[in-house]
Amino acid sequence: MKLSVPSLVYAVQNNMAFLALSNLDAAVYQVTYQLKIPCTALCTVLMLNRTLSRLQWISVFMLCGGVTLVQWKPAQATKVMVEQNPLLGFGAIAIAVLCSGFAGVYFEKVLKSSDTSLWVRNIQMYLSGIVVTLVGVYLSDGAEIKEKGFFYGYTYYVWFVIFLASVGGLYTSVVVKYTDNIMKGFSAAAAIVLSTIASVLLFGLQITLTFALGTLLVCVSIYFYGLPRQDTTSIQQGETASKDRVSGV
């Protein structure tokens with residue numbers, strides 16, 4: 001029952017993300033959806049009673065900006081006119097951002113608060129997720145599924161993408177188990193940068209100035225976040241002792 005909560009929240013998040021993308025320009029969606037990174041950091045502080053240093057907060061927002069720049073693409077004119085509702089889009093993106101932060105931190109809390117195996121927790125969450133999304137599928141496309149079958153259109157490429165997504169989900173759980181959700185965001189940002197570099201090598205993708213600047217911000221933010229915290233208490237005690245000696249003299 002515990003793991004059904006993030007499954008339901010993730011299902012809501014995915015649907016809200018699609019709704020937001022349908023009602024916002026791609027560039028606006030791209031920028032606003034990256035707010036899930038600082039939202040995750042905020043949920044970590046509130047739900048897990050952790051503290052982040054000022055430098056770590058700066059690195060979180062720097063990562064947010066870096067990912068935005070890496071994924072930035074100039075707006076292009078399109079011949080297809082789609083009626084959009086920006087207010088609905090911003091509302092959906094706000095819900096998606098909150099769901100992303102809450103579900104990730106909640107899952108981390110469940111993982112680290114018991115001795116249950118990581119793999120068992122994954123099975124529990126994915127089973128409840130399958131039930132939730134299966135209901136949604138039949139509510140939205142039940143007639144087509146009855147007519148053509150559930151696996152209609154599942155090519156080898158589709159199965160391969162499903163396999164990659166499954167492996168990525170397991171890897172994400174390992175990252176959350178042994179680090180935290182904020183580090184998951186940093187690793188995802190690094191993966192975006194690496195996949196873009198691979199696209200340059202494999203497909204001849206042109207590197208833009210915004211991508212180079214975004215990559216720099218991502219790398220610097222990862223470095224800043226990983227810096228060990230400075231123990232200021234001992235310094236303050238030393239300073240107090242020295243002041244006492246000076247006053248005694």
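Yeah, the Cβs are placed from backbone N, Cα and C, and that goes for glycine too.
Among the features that TrEMBL reports, transmembrane segment is placed at 55-72, 87-107, 119-139, 151-174, 186-203, 209-227.
Within the chain, the transmembrane segment (119-139) has long-range Cβ neighbours (under 8 A, six or more residues past its boundaries) at 2-4, 6-8, 10-11, 15, 107, 110-111, 145, 169-170, 173. The stretch in closest packing with the transmembrane segment (55-72), judged by the count of Cβ pairs under 8 Å and taken from 87-107, 151-174, 209-227, is 209-227.
Remote same-chain partners of the transmembrane segment (186-203), defined as residues 6 or more beyond its termini with a Cβ less than 8 Å from a stretch Cβ, comprise 63, 66-67, 70-71, 175, 211, 214-215, 218-219, 221-222, 225.
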